[in-house]
Amino acid sequence: MEGAADQTTKALSELAMDSSTTLNAAESSAGDGAGPRSKNALKKEQKMKQKEEEKRRKDEEKAEKAKQAPKASSQKAVAADDEEMDATQYYENRLKYLAAEKAKGENPYPHKFAVSMSIPKYIETYGSLNNGDHVENAEESLAGRIMSKRSSSSKLFFYDLHGDDFKVQVMADASKSGLDEAEFLKLHSNAKRGDIVGVIGFPGKTKRGELSIFPRSFILLSHCLHMMPRKADNVNAKKPEIWVPGQTRNPEAYVLKDQESRYRQRHLDMILNVEVRQIFRTRAKIISYVRRFLDNKNFLEVETPMMNMIAGGAAARPFVTHHNDLDMRLYMRIAPELYLKQLIVGGLERVYEIGKQFRNEGIDLTHNPEFTTCEFYMAFADYNDLMEMTEVMLSGMVKELTGGYKIKYNANGYDKDPIEIDFTPPFRRIEMIGELEKVAKLNIPKDLASEEANKYLIDACARFDVKCPPPQTTARLLDKLVGEFLEPTCVNPTFIINQPEIMSPLAKWHRSKSGLTERFELFINKHELCNAYTELNDPVVQRQRFADQLKDRQSGDDEAMALDETFCNALEYGLAPTGGWGLGIDRLSMLLTDSLNIKEVLFFPAMRPPQEESAAAQAPLTEEKK
């Protein structure tokens, strides 16, 4: 550039000499009788020549910069082609870019970026601007993930910036960036879909009314190294409606559709499918509502052990572990019930716990080995009080989350018409034994603990082709028949009440119906959501019930309850008349989010390992691995 400056100085000197010569020639020609030229004309001519020389100098400087910087056309081609390349090559290119930045002493992962407001707040604050308005005296800083990138030239880039389930347009203009064209193009060529960026600029709306932020500073904060799936373009597709709890949804419209990929890579599922984030927000609201409901009724939230010496409180197969220091076998809890009732004995009259339970059983559309429940225990209450509380809690929750008592649910698949489920209280109530006899036209012996009753139920299952694998205990046979004849009728919320004692070892006997208990199960959409009863508080009867369960266990029913001596001892100190209640949080979340698979409402559901991992896990251990 110094050579160019010297040339400019020389040219200006020559121009001055030319001007002097021209002036002398004009004076000479005047003496010779030619027409005189004015001094003003000569000055104008001199200025024009100076402007031409200045323009030439600037053009030379631009040409010099163009040689030093990559050509805009080639960079645009790279930006356009990088998402067309092989995914592995794309990943390797991104790694090379980061390595190059680090080699130059740059930190591609800044420690901090100060955000002035969230994207939803930005939309709320500036959404009322008129089309074409810019507020250049206001400065805001936003951060989020780039979900869409497009450009109209090397000097103008557009981004969709997503955060907190909302998006705003970023309109990056080279003329407002404080960078020269080459630096601007390099920065925005390296910004990719999926990257997290910080933007500092002023708010405004485009002429078409798109709320945007116009950055003066654009900072790459974190980099997405993988090529993200993108939704196929469909010019005829309607803009999807915003999903709300209680309404149907369509996972087939998701960007990432494959269930295996979605459940194994939940982070990617949530990045690409906005609705998935809403599902988990709804689940959190359900838990929050339950907690608030019980807190308002003066319940105390407590925590009880998740590892126990005895797997009690429910009829289920436990997970077994080992405590090395104590050298003893422990069981992951299948229910917190027995501990919570001991707290009632201790004088805490209303307690509840929301937490994980673990059952080593099958995995299907409504069962996961690790699941979440809420259990509460209320002194001086019975199962009638709990039915009323259940109606108030669930109907109130549905109304708060959806705006009404009725929800839509794709019970028969997303390709079929949805059903309507009505949570308007009061809920339907049916007697288990009486309704079963009525629907299946049975006449079950009254003494359900007798051999006669067991044989009758075995014959009934055979007659209706209801499968009940061994051991064919009376409790298991009844459960299978109820699943065949009663549960399918329970679409709207329905209480199945007054279960037999042989099916309810922890429930109190019915005060007027021999052989039955004061218990209910709430079914919705043919699945159990709640289980509750008036608690058995007679320690002598409780020991006898545990003894009966032991007989079932000895006959092969490994889900039968074991005797918990500590619990029985606590009952001997006196348990007040108490009502106990349990709710399956996961299944309720499924209903209110139109989810047909329990994995949809669990961030990280239980999955079989991928085939290659499974093969490695099952391979014999070598001495080195041992």
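If you go along the chain as it appears here, the first residue is 1 and each next one adds 1.
Cβ coordinates come from backbone N, Cα and C, glycine included.
From the candidate list Gly313, Gly396, Gly556, the residue Swiss-Prot records in the substrate site shared with Glu337, Glu375, Tyr377, Asn531, Glu535 is Gly313. DSSP assigns Arg359 (ATP binding site) to coil in the three-state reduction, placing it in neither a helix nor a strand. Cα of Asn531 (substrate binding site) to Cα of Asn368 (ATP binding site): a distance of 18 Å. Counting in whole angstrom, Glu521 (Ca(2+) binding site) lies 16 from Glu337 (substrate binding site) by their C-alpha atoms. Glu337 (substrate binding site) and Arg359 (ATP binding site) have their C-alpha atoms 15 Å apart, to the nearest angstrom. For Glu361 (ATP binding site) paired with Glu535 (substrate binding site), the C-alpha to C-alpha distance reads 26 Å.
Sequence-distant contacts of Arg587 (ATP binding site), defined as residues of its own chain at least six apart whose C-beta falls under 8 angstroms from its C-beta, comprise Thr366, His527, Glu528, Leu529, Ile598. Within 10 Å of the C-beta atom of Asn368 (ATP binding site) sit 21 other C-beta atoms, taking all shown protein chains into account.
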